[in-house]
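Colleague: Just dropping this structure here.
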Amino acid sequence: MFALKFASLFILAYLLGSFPAGVVVGKIFFYKDIRKYGSGNIGTTNTFRVLGPVAGIIVFLIDFFKGTLATLIPVIFNLGPHYLCLIFGLVAILGHAFPIFLKFKGGKAVATSAGFLLGYNVHFFLICAVIFIPILFITSMVSLTSLISVVLIFIASFFFHDIALSIISGLLVILIYWSHRSNIARIEKHQENMVPFGVVYWLKNKHTKSK
């Protein structure tokens with residue numbers, strides 16, 4: 001009976017992660033398939049660019065909290081040890097990156113990963129936020145910020161003396177870098193999109209205006 005319950009909830013965590021918020025919001029409220037615009041990604045950043053800030057915030061919140069909810073499934077249903085939260089959270093992240101509803105072509109899983117961290121350890125999540133936000137303000141690029149932050153977060157995980165957390169954080173490094181392959185190529189060519197704030201964005205604008 002426990003095995004059936006575990007398997008059912010495991011699948012639920014994957015399906016939660018697979019829910020394509022960007023595609024659903026785009027099609028229902030804007031009559032657009034977000035995969036055909038901008039970078040073609042279904043996540044928060046492309047939603048902001050293509051559909052605007054309101055849609056972007058909604059998609060971010062859905063992607064974020066589906067990670068949190070999936071991570072808390074073992075707690076909600078009393079499945080056992082706390083480390084199971086890491087496994088269920090990772091399954092949701094993989095669901096976002098490889099959603100069954102979109103033929104396994106999903107997003108970069110940054111927002112869902114953040115939600116997963118909140119669900120597992122609030123203190124660790126706050127440290128991750130302190131790492132991520134200043135780097136974003138400096139680089140003006142969500143992709144570059146994610147690539148830098150995930151490595152620093154992996155290093156920070158060792159200070160929590162939680163081997164399971166460190167292992168999952170290491171897997172996230174691999175997943176985030178893999179899902180950002182096209183972004184890395186654009187960064188190397190100085191062609192990556194920027195958010196409209198931050199040090200690099202302001203310096204670039206200043207340089208452009210001075211020409």
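Heads up, the Cβ atoms here are built off N, Cα and C, so glycines get one too.
Copying in the features that Swiss-Prot gives for the protein in this structure:
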- 6-26: transmembrane segment (TRANSMEM)
- 57-77: transmembrane segment (TRANSMEM)
- 82-102: transmembrane segment (TRANSMEM)
- 124-144: transmembrane segment (TRANSMEM)
- 148-168: transmembrane segment (TRANSMEM)
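Are these features on the surface or tucked inside, and what touches them?
Modeller: When Cβ-Cβ distances below 8 Å are used as the criterion, the transmembrane segment (6-26) is approached by residues 32-35, 41-44, 46-47, 50-51, 55, 58-59, 62-63, 66-67, 69-70, 73-74, 77, 79, 88-89, 91-96, 98-102, 106-107, 112 of the same chain, each at least six residues removed from its ends.
Tertiary proximity for the transmembrane segment (82-102) is limited to same-chain residues at least six positions away from its ends with a CB under 8 Å from its CB atoms, namely 9-10, 13-20, 23, 35, 42, 63, 66-67, 69-75, 108-109, 112-113, 116, 119-120, 164-165, 168, 171-172, 175, 179.
Counting only same-chain residues 6+ beyond the ends of the transmembrane segment (124-144), those with a CB under 8 A from a CB of the stretch are 45, 108, 110, 114, 117-118, 152-153, 156-157, 160, 165, 180, 183-184, 186-187, 192-195, 197-202, 204.
For the transmembrane segment (148-168), the residues of the chain that approach it from at least six positions outside its boundaries are 83, 86, 89-90, 113, 117, 120-121, 124, 127-128, 131-132, 135, 139, 176-177, judged by C-beta separation under 8 angstroms.
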